[in-house]
């Protein structure tokens with residue numbers, strides 16, 4: 001199919017669908033006046049029932065916890081797939097030097113950049129930890145804390161460069177964090193089942209509202225998600241940045257070699 | 001009345017617009033990495049739609065730390081959905097980008113138009 | 001509807017369009033980052049601080065970096081050929 005045919009097909013589909021879409025858009029409840037009752041019921045009941053003040057965390061980690069378990073599984077699958085795809089084609093040797101495009105000038109990193117990045121990375125990592133820990137009381141939680149920690153790792157990369165960064169961040173630790181978080185989540189869901197309760201039943205003492213420990217089992221689930229998200233995104237960053245390292249004489253695994261060596265590989 | 005209802009439907013129209021624009025980008029893209037970027041625009045349409053549905057005029061966030069429970073707050077359920085979706089969506093984008101890197105390494109091109117399915121890579125034909 | 005939310009919605013529509021129209025992937029990365037920032041601000045205006053936190057971290061920092069790393073890997077592969 002040529003691009004032109006594709007565009008015509010898309011235009012036709014849009015022409016057919018547009019009246020229906022417009023009708024639905026204008027028939028939805030007006031913006032700012034929703035008709036759904038579930039969320040408002042949760043807002044009214046959950047602070048008393050679960051002793052937490054952040055409703056979003058309560059929905060994520062308790063009321064719709066099984067949903068989050070599914071999302072966690074998707075995260076695990078996506079990250080595992082990415083790692084296998086990239087690492088499988090690259091081989092496991094860890095060359096420490098960053099790659100370089102011929103003809104591109106290399107500007108040395110200024111001392112000020114290194115200093116600012118070290119300070120900002122420390123603060124970002126601490127902020128991420130705090131956001132993850134205070135998930136039950138104020139906006140935050142495992143998902144946000146995990147991605148903020150990962151963006152702190154990025155600042156470290158900016159300041160230290162590829163070689164220094166790789167020395168700081170061990171991929172096996174990140175993989176263990178990722179898998180361990182997922183296992184902890186499954187245990188939180190499964191152990192109540194063994195005791196004859198529904199999955200993710202909140203059996204721990206609930207604690208005081210507005211306290212660091214509030215919400216019982218939710219604290220454990222939150223920690224599991226925080227570990228898993230930190231590990232996942234850290235691993236993604238490591239794997240993608242490893243793609244940019246110096247490629248020369250990397251042993252390629254046997255089965256990915258084509259039958260005949262590539263012509264340009266033969267002359268190297 | 002018509003103008004008012006159009007204004008009330010602005011978030012839904014923006015969501016439709018984002019999805020349509022992303023779809024247009026996917027259909028006309030000539031570079032796999034650009035295609036993944038267009039896909040994230042399609043995803044952002046769902047975020048706008050869901051958060052728009054949960055918004056309550058004049059209400060605060062669904063966090064009762066400073067406000068006592070009972071103050072009007074927006075819908076927490078859709079926020080929880082969007083929150084997990086953003087994080088998982090980023091991981092799925094990473095998977096697609098990894099596929100794009102593999103396509104470049106095996107086929108030497110990233111133009112979806114130039115890629116043909118089910119044929120050995122040109123380097124092994126000789 | 002408050003004017004702020006309306007303005008941010010229109011800005012979101014515009015930045016989404018820019019992401020699609022930036023045909024050069026290297027430019028698209030920056031459009032994508034801007035789109036992430038606008039989305040984060042919109043979520044803040046829609047009273048969703050939790051979502052805004054994760055969108056700002058993911059949309060403005062992590063996703064663009066993954067795109068940049070991908071483009072670097074592709075450029076190095078092209079230079080090798």
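Note: Cβ is positioned from N, Cα and C throughout, glycine not excepted.
Keep in mind that TrEMBL annotations are predicted by a computer and have not been checked by a curator.
The compositional bias 'Acidic residues' annotation in TrEMBL covers A:249-268.
According to TrEMBL, the domain 'Na+/H+ antiporter MnhB subunit-related protein' annotation covers A:115-233.
For A:245-268, the entry in TrEMBL reads region 'Disordered'.
A Cβ distance under 8 Å defines the sequence-distant neighbours of the transmembrane segment (A:73-89), meaning residues of its chain 6+ beyond its ends; these are 175, 178-179, 182, 228-229, 232, 235-236, 239-240, 242-243, 252-253, 256. Per TrEMBL, transmembrane segment is recorded for A:73-89 (among others).
Annotated transmembrane segment per TrEMBL: A:110-135 (among others), in sequence order. Beyond its flanks by at least six residues, the transmembrane segment (A:110-135) meets 54, 57, 61, 141-142, 144-153, 155-156, 158-160, 212, 222-223, 226, 230 of its own chain at Cβ-Cβ distances under 8 Å.
Among the features that TrEMBL reports, transmembrane segment is placed at A:141-159 (among others).
Residues or ranges marked as transmembrane segment by TrEMBL: A:171-195 (among others).
Summarising the annotation, TrEMBL assigns transmembrane segment to A:215-238 (among others). Only residues 6 or more beyond the boundaries of the transmembrane segment (A:215-238), in the same chain, are considered here, and those with a CB under 8 A from a CB of the stretch are 50-52, 57-58, 60-62, 65, 68, 72, 75-76, 79, 82-83, 128, 132, 135-136, 141-143, 145-147, 149-150, 153-154, 157, 166, 169, 171, 174-182, 184-185, 188, 200-207.
If one looks beyond the transmembrane segment (A:141-159) by at least 6 residues along the same chain, the residues whose Cβ comes under 8 Å of a Cβ in the stretch are 54, 56-57, 60-61, 109, 113-114, 116-118, 120-121, 124-125, 127-133, 135, 165, 168-169, 221-230, 232-234, 236-237, 241. Listed as Cβ neighbours of the transmembrane segment (A:171-195) (distance under 8 Å, sequence separation of 6 or more from its ends, same chain) are residues 65-66, 68-69, 72-73, 76, 79, 83, 201, 203, 217, 220-221, 223-232, 234-235, 238-239. Summarising model confidence by region, the domain 'Na+/H+ antiporter MnhB subunit-related protein' (A:115-233) averages a pLDDT of 90.
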